[in-house]
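Over in Swiss-Prot, the protein carries these features:
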type	residues	note
BINDING	38, 39, 40, 41, 42, 43, 44, 45	ATP binding site
DOMAIN	2-241	domain 'ABC transporter'
């Protein structure tokens, strides 16, 4: 659907060249929700602006449906932009227009007949749950309602692609969840390809099928959501994942670890999370199990959990228990000070 091929964007600043995007190669499949995460200045927003040619790449090509959009004429580019909807962190609504007027605006620009505009806007108002707010002005709406208007407006021209630029960053946690659920509904019912950028890993966790991590203009890691979360390769990705899955031992727990114990990280995936592996080794081997820390989350309907445990007992019995555990779960010995 969307392909970035060795794309770079270079800016000149104070006589120096700055790579906002550097040699990025990515593919976004039709109908998927693809997240791009990174800290401020990573190049996320620049990459999004390249998709609808608000910025042009310095090098490389960008294709949509196998067509190079960097070579489009002005007329072709105008048609392309009608296929791309966009929602923003700051909503970008017209304060002088009603909710109805804001949603109708892109349809008027496209010279859609009035009766069709009314029908389409009413359909979208119902879809985003704002049927009773058609004649309200933005100042009368909450942040979540404003973003619902933004989503409806972005959908007005029946686009194939929806770009989300930090769409939930200005919202409280409860409203963020509501908007993410609405975006999942958009993806599901309209089969829309969604490309979103964020600096919040919990947003990626809740909604994305695949994710790319950007740092200093480069994509440093990319893959399926489950793979990136459960096997993060770079330090930056590991830090993002830890904002959702905290696997560090608290100091208060570290202080309680008895001398001579051995600490292991047990990783459970899917059906493994329901297996009573610890009670089994406690019953069948002369080993005491001290659970130090643990968590479990759901990623794309698959459970993923971590446990940090201390095993105490004779070394021979511990080794037998470890041999059994390795057959059941992923197992790694950790140092107490590194946990």
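Numbering starts at 1 and runs along the chain as it is shown here.
Cβ atoms here come from the backbone N, Cα and C positions, even for glycine.
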Check: same-chain CB within 8 A of ATP site center, minus 38, 39, 40, 41, 42, 43, 44, 45: 197, 199, 214, 215
Assigned conformation of residue 44 (ATP binding site) - DSSP reduced to three states: helix
Binding-site residues listed as 40, 45, least Cβ neighbours within 10 Å: 40
Binding-site residues compared (41, 43) - the one with the fewest other Cβ atoms within 10 Å: 41
Most crowded position, judged by CB atoms within 10 A, among 39, 44 as binding-site residues: 44
Other C-beta atoms that fall within 10 angstroms of the C-beta of residue 38 (ATP binding site): 24
Set of same-chain residues at least 6 away whose C-beta sits under 8 angstroms from residue 42 (ATP binding site): 214, 215, 216, 217
